[in-house]
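Per TrEMBL, the features are:
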| type | residues | note |
| --- | --- | --- |
| BINDING | G25, T26, S27, L28, D29, G30, L31, D32 | ATP binding site |
Amino acid sequence: MNPQIEKLYRIAQQKERRIIGLMSGTSLDGLDIALCHIGNSGQETILCLENFISIPYEDTFRQYIREIFAKRRIDQQVLCGLHAYIGKTHGTFINRTLKQWNISPLDVDLIASHGQTVFHAPQRLTEQASFPNSTLQIGDGDHIAQTTGIITVSDFRQKHVAAGGEGAPLAAYGDYLLFTSETENRFLLNIGGISNFTFLPKQGSSLKAYATDLGPGNTMMNQFVFEQFGLEMDENALLAKNGTIDVALLEALLKTPFFDADFPKTTGPELFNLAYLKNAQFVSNTSSLTPENVLATLNKFTAQVIADSIRRVSKDLEHVHIYVSGGGVHNPLLMKNIREALPSISVSSFSSLGLNPDAKEACLFALLANETIAGSVSTLWKIRDSPAVCMGKISLPY
Ligand SMILES: Nc1ncnc2c1ncn2[C@@H]1O[C@H](COP(=O)(O)OP(=O)(O)OP(=O)(O)O)[C@@H](O)[C@H]1O
Ligand SMILES: CC(=O)N[C@H]1[C@@H]2OC[C@@H](O2)[C@@H](O)[C@@H]1O[C@H](C)C(=O)O
């Protein structure tokens, strides 16, 4: 038998595994590396975050990704090159980090790599019946396995699509296993580039858990400040706080069929981008607003989309609590706008559930790899409108 297969077989039989989860999201800010101890699998899963680091991408690297990110027409040589380059770079980041943490790669069982989403094309976006739902994450797992010497599970979204899903959000599986409560109905709200939530009805409820994208998180604010000021983000909402909300623009932004569609659904910067903003400015005759006023309106737009979505699901429920993760939790104006729009619901940082909000998504991919290697799909049946499949491809280092 190939000794690597033997090793994998042993890892699958262990009571607990040490798994590195990797996430680099739609904000293109960097790579999140979460070193997790995961005990058992399925309903018995116990996850402990041992260490976490977020490594910012260098400007040139980010610029390469921007060249192809969420664009319909691109230079294929850049796409092809980045597939290998991102895999190699993520592997190098892991080697550097393990050295810094004083941990031998031999003491890590698996890497779970999300990769970099470069295009997300559910049929609801493309309206092309000839193609199925599709999504593309690059940063090949073989390069990570080769660079680190660690067995790598990667490319999780393809199986979800192959089994009839849209390839996202995948957070629901881990959220359900780790954070379902006996006493409260929970919304685990993640505000990354795109905002999404996992709805976790309390145990014993007749409702089922599911996850859905909601619309923009930080992506439109980020794209706009980059275009106007060359900045990566409106840090602490310093610019938006100096602006005024424009009601006509806000109303125009809120008008797209995506918001009327039922949950669950997925989206990305392929829809919510500067062209979307420019079109809303055109139809509302607000093209000459100051950048600060546009930012104040975009901030409110993001908050309103989130609040409307939560209201839609929570209106007949009691004991509702929202826990927020993702970079948006650090935007004080966004959090204020969300709280004001949902005055009767408690909103807390996800950290009150005992996990670093910035590390959450990387941890959830570690958990998905754990299910693939050691779990059984039966626990995954519990998610509404999402296929019950184990996900990810396995790359052996040698
Ligand atoms: N202090 C801050 N003030 C304002 N915004 C912030 C702050 N800190 C982080 N952010 C926002 O959070 C973003 C990063 O969020 P996060 O890392 O959760 O996104 P992501 O994981 O790339 O996205 P996704 O989950 O959609 O894939 C930044 O690009 C920025 O817009
Ligand atoms: C295609 C893709 O990469 N989608 C991401 C993105 O970022 C947030 C939102 O859009 C979510 O649907 C998903 O990521 C999270 C981690 C998920 O799958 O749960």
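Cβ coordinates are placed from backbone N, Cα and C, and glycine is handled just like the others.
Annotations in TrEMBL come from automatic prediction, not curation.
TrEMBL feature annotations superimposed on the structure.
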residue : record           : Cβ within 10 Å
G25     : ATP binding site : 23
T26     : ATP binding site : 21
S27     : ATP binding site : 19
L28     : ATP binding site : 21
D29     : ATP binding site : 20
G30     : ATP binding site : 18
L31     : ATP binding site : 24
D32     : ATP binding site : 23
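Each of M23, S24, Y57, G192, G193 belongs to the same chain as G25, T26, S27, L28, D29, G30, L31, D32, is absent from that list, and has a C-beta within 8 angstroms of the C-beta centroid marking the ATP site. Screening the binding-site residues G25, S27, L31 for a C-beta under 6 A from any atom of ligand 1 leaves G25, S27. Among the binding-site residues G25, T26, L28, G30, the residues whose Cβ sits under 6 Å from any atom of ligand 2 are G25, T26.
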